[in-house]
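Notes to accompany the following structure.
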Amino acid sequence: ASRMETSGADGSSYTDNLIGTLLAIFGNVLVSISLSVQKYSHVTLAGTKDPRAFYRTKTWWCGFVLTCLGEGANFVSYAFAPLALVAPLNAVSVLTSSILGLIFLREKSKPKDFAKRYGLSFLGCIITIGGTYLFVAFGPNSHEKLKAENIVKHIVGWPVLLYLLLEIITFCLLLYFYKQRRANYLVIILLLVSLLGSVTVITVKAVSGMLVLTIEGAMQLDYPIFSVMFVCMVASVVFQAKFLSQACKLHDSCLIASVNYILSTVFAVVAGAVFYLEFKNEDILHICMFLLGSAFCFLGVFLITKNRKRTKTFEPYVTMDMANGVPTIHDKGLVDFNGSFSYGALVNNDGVAPATIPVNMEQPPVSSRSTDASHDLPDLKKD
């Protein structure tokens, strides 16, 4: 009888893991598609004067609905599958975005140039797919119903209290260097994001699990632990988004995507192992294969994001048209109509089509000290 119960429990756990994994994959794919759809809406309306014109388009709202569905599927997936399975599946979002970018590529190039330029992306996609298979196949199969009593038992355990204490101390030290010492390094900012992210995944799994149990008939929302977890979840998400926005202002977005994925996944897996004891009944072989699959995903995401084409910022510089005495502005990169002009060093302007700046040709009054120079001004204007 005990063997049958164990088998039934293992089957139920396997089914729950499968449901959670499929929900996470489905949610990440939907999020990637929604971002592409919304990006298309922004690109098509790039030249309009109204900055909120995309709110009136069907494509943007379609992307918004897909985003809500995708994030909802990700949220529910935490109630069924362990954190160690759900967190690395964010690589599916990066993989899908890369594939969509290659499919809808508008540029026409020779096969050799295309392979040279996007070879790393193809290699990264293959490595990511292989890594995803490995950590899903060998990931932890343990699962428990997240009742309020079980969550409280996890919190009061000494491993969790020690983990939270170390996390709080590390977060305070990093925040001190970031705020007081002005250490705006990418690693420091993303470590702050990842530490908050570990709290986010712990609370999201707890809130999602209690909501699912409530829907199934076992009321869990009237326990104080649900309110505590919900407040911590909202607060961690808000501050996580704040630090991410600051990182995007200071550093390259492709580098942020890869480093943030690696750090967030590592901290999420550690949080699941400490808080929910997800690797308690796993053998060494499964753990090693899981870590190998995660490492493959890290490498694949890094290769995909590394090969993305970086948009050049607007780099104007000013030269003087000696024939007309008119300053001209030259653009070395793409024009950013939302930014302000900044003057750089004087650069050779061979082969660059200048754009003339409107200037007031009337000369200001000249002091008596520069009388000789004032006599030469009309001659320059005539020339």
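Just so it is clear, glycine is given a Cβ too, placed from its N, Cα and C backbone atoms.
As written in TrEMBL, here are the features:
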TRANSMEM  18-38  transmembrane segment
TRANSMEM  59-81  transmembrane segment
TRANSMEM  87-105  transmembrane segment
TRANSMEM  117-136  transmembrane segment
TRANSMEM  156-178  transmembrane segment
TRANSMEM  185-204  transmembrane segment
TRANSMEM  224-243  transmembrane segment
TRANSMEM  255-278  transmembrane segment
TRANSMEM  284-304  transmembrane segment
REGION    361-383  region 'Disordered'
COMPBIAS  372-383  compositional bias 'Basic and acidic residues'
Same-chain residues at least 6 beyond the ends of the transmembrane segment (185-204) whose Cβ lies under 8 Å from its Cβ atoms: 75, 78, 83, 86-87, 167, 170-171, 174-175, 177-178, 229-230, 232-233, 236-237, 239-240, 243-244, 246-247, 250-251, 255-256, 259-260, 263-264, 266-268, 270-272, 275-276
Candidates 87-105, 117-136, 255-278; stretch with most C-beta pairs under 8 Å toward the transmembrane segment (156-178): 255-278
Contact call for the transmembrane segment (255-278) against the transmembrane segment (117-136), three or more Cβ pairs under 8 Å: no
For the transmembrane segment (87-105), distant same-chain residues with Cβ under 8 A (at least six beyond the ends): 21, 24-25, 28-29, 31-33, 35-36, 118, 121, 124-125, 128-129, 131-132, 135-136, 201, 257, 261, 264-265, 268-269, 272, 293-294, 297, 300-301, 304-305, 308
Cβ-Cβ under 8 Å with the transmembrane segment (224-243): same-chain residues at least 6 beyond its ends: 148, 151-152, 155, 189, 192-193, 196-197, 199-200, 203-204, 206-207, 210
